[in-house]
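The L-tyrosine binding site annotation in Swiss-Prot covers Tyr35, Tyr169, Gln173. Here Swiss-Prot flags 40-49 as motif ''HIGH' region'. Residues or ranges marked as motif ''KMSKS' region' by Swiss-Prot: 229-233. The ATP binding site feature in Swiss-Prot is assigned to Lys232; the stated evidence is sequence analysis. Taken from Swiss-Prot, the feature domain 'S4 RNA-binding' covers 352-418, and the record attributes it to sequence analysis.
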Amino acid sequence: MNDVWDELQWRGLVAHSTDEAALQEALQTGPLTYYVGFDPTAASLHVGHLVQVLTAKRLQQAGHRPLILVGGATGLVGDPRPSAERTMNDPSVVAGWVTGLQGQIAPFLDFDGPAAATMVNNLDWTQSMSTIEFLRDVGKHFSVNRMLDREAVSKRLATTGISFTEFSYVLLQSNDYLQLHRRHGCTLQLGGSDQWGNITAGCELVRRVDQRTVHALATPLLTKADGTKFGKTESGAVWLDPELTSPYAFHQFWLNAEDAKVVDYLKAFSFRPREEIEELGRQAVENPRARAAQRALAHEVTALVHGEEAAVAVEAAAAALFGGSDLEAIDERILRGALAELPTAAPADRDVRLAQLFADTGLAPSLSGARRTIGEGGAYVNNIKLTDPEATLRDVQLLHGRYAVLRRGKKSLASVAVPLPQ
């Protein structure tokens, strides 16, 4: 087997593990079967989930067999948060999310060959258990004292309190490991470091019930340079679903990675070899303005999630927006996603003066300021220099019949979207 342990260590993907020597030996002598779980708490995964998805992919590439669990049962309960109780979602909604998340994860893995991946749903074994079976076969092996010591539980007890439903979540997740060990020979659980308590509880349940030693590996929770949570922008989470976060916005998120963190992100999210990442790291130090590391990161992750064609298209769109190529060549869906990230005016008709639109979108401080920018030669509409301060939107060849890109100078952008006819 490939020495995937050293690779995971170098990439900074090991925050915690059970007995390191035993796990390393199991990985080297494998193949072993491992699982990673995702709860369907929304219609899409976000970029934070990619750490688990891509780590699962790395293990599969090393010859190990992945089980991908999307929790149709645990998603109905909810892992306790330190702050407040989770919203209980309708079972039909959760079932739809299970299907959606399975579809998002599947393209990252191989479902054929000796290390073929398998999708599993914990509702399959949880819904058939009676309450008596659950309490005797699972609950009997858990100490309430230890459950009360869990950080999320203790914080909730000190503030808003916690329901028995969420308090019992750890039993459900632990039973997943037991069931997957029995049904599929699973001997490794992969998860985020925030799940470490749940993961090790599953290891302990397997040891108590089946008298077998199994393994656990937790990846770190990535952060920004200031220590805040990775994967959030001012507009919210960065989703994998292109309808929730456009491919353009997705690419921009990675392109804006901080210099201090870009190498960490390349290690975690890229499949480039060590030599290439180290070279990109050197370039980031020696010539940070070129942003070569960020460009490499943005292209690769966008291609992984949305496909190579989309990655190339959004890069072409970015170049066109700043005057580097033809705006008319941009696909409408990509253009719409790009313009959604800009200040936008939606005039009721096309008789409005372009100078007014520069003021309305904030590219100029006022109408007089917009006229001054036009007079100085610093105003562009669809990459064509605007020379007439009295020109209206009717004088513009709209992109895809309804869009215009306004630019002041080299970098300040805004958009115009003419409403569709009713």
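In case you wondered, yes, glycine gets a Cβ from its N, Cα and C as well.
Keep in mind the model is a prediction, meaning the values are calculated, not measured.
Around the Cβ of Gln173 (L-tyrosine binding site), the number of neighbouring Cβ atoms within 10 Å comes to 26. Sorted by the number of other CB atoms within 10 A, the binding-site residues Tyr35, Tyr169 start with Tyr169, the lowest. Between the CA atoms of Gln173 (L-tyrosine binding site) and Lys232 (ATP binding site) there is a gap of 27 Å.
Taking CA atoms as the reference points, the residue listed as 'ATP binding site' and Tyr169 (L-tyrosine binding site) are 26 Å apart.
Each residue of the motif ''HIGH' region' (40-49) gets a DSSP state, and the totals for helix, strand and coil are 3 helix, 1 strand, 6 coil. Taken together, the residues of the domain 'S4 RNA-binding' (352-418) have an average pLDDT of 94. Within 10 Å of the C-beta atom of the residue listed as 'ATP binding site' sit 15 other C-beta atoms, taking all shown protein chains into account.
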